[in-house]
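> Sharing a structure below in structure tokens format, with a few things to ask.
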Amino acid sequence: MTNKQNDTSITSRKVAQTILLAVLKDGQSLSSLTHLTDNIEPRDAAFARMLSFGVLRFYQQLQGLLKPYIKKALKSKDLDIQLVMLMAIYQIMHTRVPDFAVVDSAVKQVRKSRKKWAANMVNGVLRNFLRDIEGKEPEDVINELTSEEACFAHPQWIIDSLKQDWPDSWQKILAANNQQAPMTLRVNQQQTSVDEFIQALEKDSEVSAEQVPGLPSAAILQQARDVKQLPGFSKGWFSVQDAGAQFAALIMQPAAGDKILDACAAPGGKTAHMFELQPDVQITALDISESRLKRVEENCQRLGFNPTLVAADARAVDNWWQGELFDKILLDVPCSAMGVIRRHPDIKSLRREDDIEALVQLQREILLKNWDLLKPGGQLLYVTCSLLKAENEQQIEWFLEQVDDVVSEELPDVITQFKSQSPVSHGVQLFPVDGVTDGFFYALLKKSK
């Protein structure tokens, strides 16, 4: 664990600690805490994000590494001290910051807090940890852990669920979840081609990118960048969207004149993509959250599109539906988000096993209510960013048993021939294992005439 870069300021460590406390103590999501890095130097902000994301990504593993060195369990009110040590162990195990600098920064952080009494403990714990792992590679240290939670850095219930649903690939899924997701763009082909955009990236921003094979509008950046620093953002040349999410519009195949409902539409990437494929459509973008619907409006305005925006509960159709049936419906339903853990590592700490049953019931209600809004002969695309069969293929099997006028349709070649997919009963499951896509499920249903 040598050849490391210099540490950054105590400021970034304090901000990271604040973010982690908000997630682990108050149950807030990482995406709701981005404002906490707004008022510090960009370099410190980047370091704070790296620390907070890293600790949440490996939280169970870091706890397993720390536990043997804590003689007396810390009280819940001292979670902030525990987090100082977890951040330090994360840096030692997963970054190139020099070990001595990590320990020094951690101790200084505690000494500048109201809990100066803990400085000696933090110093002793971290030095003992370094002594015990001296000469070992990080992989060897991790392999000495005894619990599955610590070894795989996931809560046990997630491990067990993936074992049950994917007995041949659960370990690969868990490993993929612990990797940082790439920054993937969707190129607006109404404005430019993928090849032209990649050339502009390399020329104007010195950023390398590669087109995703099999996805005509997807480009993966070799290194994440602020979108505003990339060419054409304000002109609507591209949007940020995972490669797996880009299949939704391609499967929908919007045709000129189609009247389309995008239920649960925020933040609007799929709505905008359908417009990019076919501008001559009418899209109603619905979401229960007014603030999130504002993001749909902003994203579509930047790209030059104008959907009909509705802030409402997708289940309460009497409150918002105007009575005209839709040709196509996109249902990207609320789910456990088990397929996007690599992008949102706080899911490991915030999601609970008993959430799944409630989500399954919610998905069924949305499916049943919105099915009535579809024209005979129309298509409904059911989408989740989950890997759990209870939310995916089992949900479709249930729906097929409940409804008489439904037929399960074959999905188009663009997704069935994609390398990261696995055909399942009544749909396709995408996996994050090759690093290209998040874990999405797609099932296409047709209303019989």
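Cβ coordinates come from backbone N, Cα and C, glycine included.
No curator has checked TrEMBL annotations; they are predicted automatically.
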> May I ask you to find which of Asp226, Asp242, Asp332, Asp346 TrEMBL records for the S-adenosyl-L-methionine site already listed with Cys264, Ala265, Ala266, Pro267, Gly268, Gly269, Lys270, Asp287, Asp313?
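When TrEMBL describes the S-adenosyl-L-methionine site, the candidate it includes is Asp332.
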> Under a criterion of Cβ-Cβ distance under 8 Å and sequence separation of at least 6, what residues of the same chain contact Cys385 (active site, nucleophile)?
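Those within reach of Cys385 (active site, nucleophile), by Cβ under 8 Å and sequence separation of 6 or more, are Gly244, Ala245, Cys335, Ala337, Met338, Gly339, Val340, Asp438, Gly439, Phe440, Phe441.
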> State the count of C-beta atoms found within 10 angstroms of the C-beta of Ala266 (S-adenosyl-L-methionine binding site), not counting that atom itself.
24
> State the mean pLDDT for the domain 'SAM-dependent MTase RsmB/NOP-type' (173-448).
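PLDDT averaged over the stretch: 96.
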